[in-house]
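The active site, proton donor annotation in TrEMBL covers E117. Among the features that TrEMBL reports, substrate binding site is placed at N104, V105, E106, N107, A108, C109, Y110. TrEMBL lists C115, C149, C152 with the feature Zn(2+) binding site. According to TrEMBL, the domain 'CMP/dCMP-type deaminase' annotation covers 63-190. Feature annotation from TrEMBL assigns region 'Disordered' to 1-38.
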Amino acid sequence: MRKGAKRGLRVPSASGSGMLRGTGRARAGRYPVGAGHPVPPPGKSLTRACGAGMEGSGGPQGERLQLLLRRCQEAKACAYCPYSRFPVGAALLTAGGEIFSGCNVENACYSLGVCAERTAIQKAISEGHTRFRAMAIASDMGTDFIVPCGACRQVMREFGKDWDVYLTKPDGTYIVKTLDELLPLSFGPEDLKKV
């Protein structure tokens, strides 16, 4: 079962600022909550990305970030989780700018269930995409930021380690970690060439 990202973080305040301890970068913000939030009109941004490290991170900005965050919330509403009752949604931004969403899908044979993050990745791969810029993840956990499980981190790592992962809370706050921060000292495809 998943655990929230709690240790080493100061929860962003209502103003949308917060610091990730150990990274030296303020990478947090707030997105609009509620089902009826449209994508902001051109030139407007409802997301407040705070501090150094956000603008040059290579991750999505402005309207693209808004859409990514909204799509993970929408995907969460489609989760099939009659056993855990723990809905999760994920939205994956490809290098080409397309967004693929996914939700967790459970099964009566528990081991056959699949997480939202892997669902989104599999959808993107099946459409010919293998380079990714960012992923946003949503759940209903009220006090902690949702984090991907270890299996999802390893699947994500298959496609690089420098892309951003937006960990959200239902109140609209989020923090950003790179995959390298979420899975340090990782093993990937390039390691197979070292023997």
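Here the Cβ of each residue, glycine as well, is placed from N, Cα and C on the backbone.
Here the C-alpha separation of A108 (substrate binding site) and C115 (Zn(2+) binding site) works out to 15 Å. Of the listed binding-site residues, namely V105, C109, the sparsest Cβ surroundings within 10 Å are found at C109. Per-site Cβ counts within 10 Å over the binding-site residues A108, C115, C149, C152 peak at C152.
Neighbour counts were taken as the number of other C-beta atoms within 10 angstroms of each residue's C-beta; across the recorded positions E106, E117, the minimum falls on E106.
The Cβ of N104 (substrate binding site) lies under 8 Å from the Cβ of A79, Y80, C81, F86, P87, V88, G113, V114, C115, A116, T119, each on the same chain and at least six residues away in sequence. Counting other Cβ atoms within 10 Å of each Cβ, the lowest count among the binding-site residues N107, Y110 belongs to Y110. Comparing C149 (Zn(2+) binding site) with C109 (substrate binding site), their Cα atoms are 19 Å apart once rounded. Residues in the domain 'CMP/dCMP-type deaminase' (63-190) partition by DSSP class (helix H, G, I; strand E, B; coil) as 42 helix, 35 strand, 51 coil. Per Cα geometry, C152 is the residue among the binding-site residues V105, E106, N107, Y110, C152 nearest to the residue listed as 'active site, proton donor'.
Here the candidates are the binding-site residues V105, C109, Y110, and by Cα distance the one nearest C152 (Zn(2+) binding site) turns out to be V105.
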